[in-house]
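The domain 'Tetrahydrofolate dehydrogenase/cyclohydrolase catalytic' annotation in TrEMBL covers 6-121. According to TrEMBL, the feature domain 'Tetrahydrofolate dehydrogenase/cyclohydrolase NAD(P)-binding' maps to 140-279. Annotation comment: TrEMBL describes Gly166, Arg167, Ser168, Ile232 as NADP(+) binding site.
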Amino acid sequence: MTATMIDGKAFAAGLRARVAEGAARIFAEAGRRPGLAVVLVGDDPASSVYVRSKGKATVAAGMESFEHRLPASTGEAELLALVAQLNADPAVDGILVQLPLPKHIDERAVITSIDPEKDVDGFHPVNAGRLATGLEGFVPCTPYGCLMLIKDQLGDLAGRDAVVIGRSNIVGKPMAQLLIRESCTVTVAHSRTHDLPDVVRRADIVVAAVGRPAMVKPDWVKPGATLIDVGINRTDAGLVGDIDPACAEVAGAMTPVPGGVGPMTIACLLRNTLVSASRRLGVAYAI
Ligand SMILES: Nc1nc(=O)c2c([nH]1)NC[C@@H]1CN(c3ccc(C(=O)N[C@@H](CCC(=O)O)C(=O)O)cc3)C=[N+]21
Ligand SMILES: [Mg+2]
């Protein structure tokens, strides 16, 4: 079998186009565009590239982009003051503070300082709790994008065996919550899991988010399984995911790296910003 390659780039373009329609509708009905503030501390080149592409995508979707680039020496108090200012700014519907932050800044303190109603990353504990308990809130963009691709591929997910490799607050845990919500039987594997290949062999759906180049091997994969690769590893051979591309010989469908999950992350960020603006302005949205 040769797997269907899931075109995340095309799917994300479609989603961004629908977000742009919603943004135009908000502008027509409320007189202002949805606004997304992105804060970057320091000059990590990869982070700088992401922030630039987020800004471009925001403007292309008919939204306002507020970019704040601060030096690496910025103190925690100064960053918290900026977040407080963005929380209070009525033109700002979404706030994203790019992670990772410099070591001298406590990420948890910064994340919890963001108004949960503007937390379009979905990283605030209030939004994590809402997701875990079935309340409306913001869902982290990467797992939400993964779920969209999985549902587009498989339709109803009820009863399917899903394995999430990785237990981060940003991807693994919210991904598991979303799959539970879809009535999958979910296993969360991590660095201490015994016999990972055997665990993965049971899965109809595999989401790999560990940051180890080509870790998931073809002989771990159940024939026909759907594989979602969240890994973005920069190697001498270029950008490599967590799933060995040779798995395409066994899988039913899989995402490529690049062009799979990455573009969905940005599209979902815009989607969350649209949802935030709609709620804050009392304008109905359909997306
Ligand atoms: N507060 C916060 N929220 C984030 O959502 C967040 C963050 N911090 N810190 C960094 C990670 C990483 N991230 C990506 C977004 C888009 C691509 C993306 O579009 N990737 C393309 C191109 C990759 C490339 O060429 O570098 C692809 O996979 O096809 C990748 C990674 C968001 N992150
Ligand atoms: Mg830190």
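Note that Cβ sites are derived from N, Cα and C of the backbone, with glycine treated the same way.
What TrEMBL says about a protein is an automatic prediction, not a curated fact.
Counting only same-chain residues at least 6 apart in sequence, those with a Cβ under 8 Å from the Cβ of Gly166 (NADP(+) binding site) are Gly172, Val188, Ala189, His190, Val207, Ala208, Ala209, Val210, Gly211, Val230. When other Cβ atoms within 10 Å of the Cβ of Ile232 (NADP(+) binding site) are tallied across all protein chains shown, the result is 18. For Ser168 (NADP(+) binding site), the same-chain residues lying six or more positions away in sequence with a CB closer than 8 A to its CB are Ala209. The DSSP breakdown of the domain 'Tetrahydrofolate dehydrogenase/cyclohydrolase catalytic' (6-121), given as helix, strand and coil counts, is 62 helix, 18 strand, 36 coil. In sequence order, Lys173, Val188, His190 are the residues of the chain that are 6 or more apart from Arg167 (NADP(+) binding site) and have a CB within less than 8 Å of its CB. Among the binding-site residues Gly166, Arg167, Ser168, no residue is identified whose Cβ is positioned under 6 Å from ligand 1. Residue counts for the domain 'Tetrahydrofolate dehydrogenase/cyclohydrolase NAD(P)-binding' (140-279) under DSSP, split into helix (H, G, I), strand (E, B) and coil, are 57 helix, 28 strand, 55 coil. Across the domain 'Tetrahydrofolate dehydrogenase/cyclohydrolase NAD(P)-binding' (140-279), mean pLDDT in this model comes to 98.
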